[in-house]
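S.K.: This is the structure I want to talk about, given as structure tokens.
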Amino acid sequence: MDKTLLESTVHKVLDELRNRPIPLGVSNRHIHLCAADYARLFPEQAIREKKALLQPGQYAAEQTITLAGPKSQLKKVRLLGPLRNVSQVEISRTDARTLGIAAPLRMSGDLQGTPGIRLISPFAELELASGVIVAQRHIHMSPLDALIFRVAHGDTVSVAIEGSERRLIFDNVAIRVSPDMRLEMHIDTDEANAAGADDPHTFASLVARR
């Protein structure tokens, strides 16, 4: 194969990879707990896996928690595993209004200055001092994915939600790159409803880097 043909073939393959559908994950309200908070809420109980998630090693647990805010409660909020270093609650804007909490838009782990909430399990209650956020929409990528899409960790991009009757373009989609991540875009339930993402044929596609 001559050099020109080889380069043409490589560019064609890369273009196909860049234009391939990005799996779309809809994140319902959920909670991450540190070991100490988990032990208080579920004493002498091992965390039990209910369903594996697409991201390697992550799963929805059998355990659920009630979130108690100033205005209302949300019951049966799913715990995600494994346990983390810091407890964190991720909700939608609609959930925040229901609870009466001014949860800021943040990336996971960016918890400084965030409000707290009361956590209630079947065994105990715990006042979480901070950690309630509305998660910024984002795309998980491996380093190879990032190389193919020509983006880097911390970049923001515009993404089209395709495949439903309510095609929508989201700006300010954060890129998160790690060797243990698989390609997947995460949006919350408010964003999913706006884009008609309950359609099983829905997927994400990169529109532009911002």
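Going from the start of the chain as shown, residues are counted 1 onward.
Backbone N, Cα and C define each Cβ position, glycine as well.
According to Swiss-Prot, the protein has these features:
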BINDING   VAL26, SER27, ASN28, LYS71, ARG78, ASN193  CoA binding site
BINDING   HIS30, HIS32, GLU90  Zn(2+) 1 binding site
BINDING   ARG84  phosphate binding site
BINDING   HIS138, HIS140, HIS186  Zn(2+) 2 binding site
S.K.: Listing them in sequence order, which of the binding-site residues HIS30, HIS32, ARG84, HIS140, HIS186 have their Cα within 10 Å of that of ARG78 (CoA binding site)?
M.R.: HIS30, HIS32
S.K.: Roughly how many Å separate the Cα of HIS32 (Zn(2+) 1 binding site) from that of LYS71 (CoA binding site), to the nearest whole number?
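M.R.: Here the two Cα atoms are 22 Å apart.
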S.K.: Counting across all protein chains present, how many other Cβ atoms fall within 10 Å of the Cβ of HIS138 (Zn(2+) 2 binding site)?
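M.R.: A count of 21.
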S.K.: Show me the subset of LYS71, ARG84, ASN193 whose Cα is within 10 Å of HIS186 (Zn(2+) 2 binding site); these are the binding-site residues I mean.
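M.R.: For HIS186 (Zn(2+) 2 binding site), the binding-site residues whose Cα atoms are within 10 Å come to none.
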S.K.: I'd like the Cβ neighbour count for ARG84 (phosphate binding site), meaning other Cβ atoms within 10 Å of its Cβ, all protein chains included.
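M.R.: Result for ARG84 (phosphate binding site): 16 neighbouring Cβ atoms inside 10 Å.
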S.K.: For GLU90 (Zn(2+) 1 binding site), which of the listed binding-site residues (SER27, LYS71, HIS138, ASN193) have their CA atom within 10 A of its CA?
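M.R.: Final answer, ordered: SER27.
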